[in-house]
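Notes for the one structure printed next.
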Amino acid sequence: MASNPEERNSDKQKALDNAISQIEKAFGKGAIMKLKQNPVEKIDTISTGSIALDSALGVGGLPKGRIIEIFGPESSGKTTLALHVIAEAQKKGGSCAFIDAEHALDVLYARKLGVSTDDLVISQPDTGEQALHIVEYLVCSGAVDVIVIDSVAALTPRAEIEGDMGDQHMGLQARLLSHGLRKLTSAVSKANCILIFINQIRMKIGVVYGNPETTTGGNALKFYTSVRLDIRKIGVIKDKENITGNETRVKVVKNKVAPPFREAKFDIMYNEGISKLGEIIDMGAKLGVLEKAGAYYSYNNTRLGQGRENVKTYLKTNKEVANEIETKIRDLLRNHDNSIIIDEDSEQLLEESVF
């Protein structure tokens, strides 16, 4: 028996080396290693198409090799956000797939958001099992960067489709997802792709205290996701009497790669998607790139206009100024590790119950 600490440490190291050697013989080289042999200096990400949301995520976008969930009420912008992620991935030369379980993808709208629909791989599966098998094949190919499943609620188990309309099928979808995610999690990590689940909200019956909202598909998806985004419409944007878009808020209710409970606000314009000009104005004022006095906005002692919509019109016609402001905003965020100061609304999230 070793008589001093150094000899004991040496014996432990020999035992560990022997164990590692046996594991590699049994499971192959690379099955186990010390972290310094495979260091990760920076998380690889894909932009969401929103400057504010990229900042709120803390790493500059959605992390690759992870499972993401985007959930919210109807017509809140879930699919729009997912399509923007696809467009950003394609700009980097990535391949993307869209599993249209709802059979409701608007191809013309996707093109307006910048998605190259000619290069987009699309599937409209008949059952939930078929959808998850297709996803597994795509992930294991290692050739796809982003896969979007729209939506979890539409992943109908085969037994439910083949049964009668009034039959009760308790927990079938939850078991389907639980089994599928157990297989997909490691495959997604090895393939270094992003798997996005779009999910809907349901109401719990009989809840008096606390949040009655929940998402479909059971609890498995909540555990396996690295990032969960709660997207909501908080207002409308009007041009005189016509409604031209929605004011949108996204809360990062779960984040395994950066501090959670941050939020981002941006505009989603009809037939246009996320308004980059609106974000430039809001983020510019927040970070001090733009000067705001009352309703007036200024940049480098030049008045841009009165009111947010007038400033958006100015920046739309003066693209060089808009690009210059955007560059300064991104530089500031990069110098602060893509994180902005959490505002009062975000601080309140720490005290809310997240389902």
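Each residue, glycine too, has its Cβ placed from N, Cα and C.
Listed features, source Swiss-Prot:
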BINDING   GLY72, PRO73, GLU74, SER75, SER76, GLY77, LYS78, THR79  ATP binding site
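Here the features listed in Swiss-Prot are painted onto the structure.
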residue: GLY72; record: ATP binding site; Cβ within 10 Å: 24
residue: PRO73; record: ATP binding site; Cβ within 10 Å: 14
residue: GLU74; record: ATP binding site; Cβ within 10 Å: 8
residue: SER75; record: ATP binding site; Cβ within 10 Å: 10
residue: SER76; record: ATP binding site; Cβ within 10 Å: 23
residue: GLY77; record: ATP binding site; Cβ within 10 Å: 24
residue: LYS78; record: ATP binding site; Cβ within 10 Å: 22
residue: THR79; record: ATP binding site; Cβ within 10 Å: 23
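Those same-chain residues not listed among GLY72, PRO73, GLU74, SER75, SER76, GLY77, LYS78, THR79 yet with C-beta within 8 angstroms of the centroid of the ATP site C-beta atoms are ILE231, LYS233.
A helical conformation is recorded for THR79 (ATP binding site) in the three-state DSSP classification.
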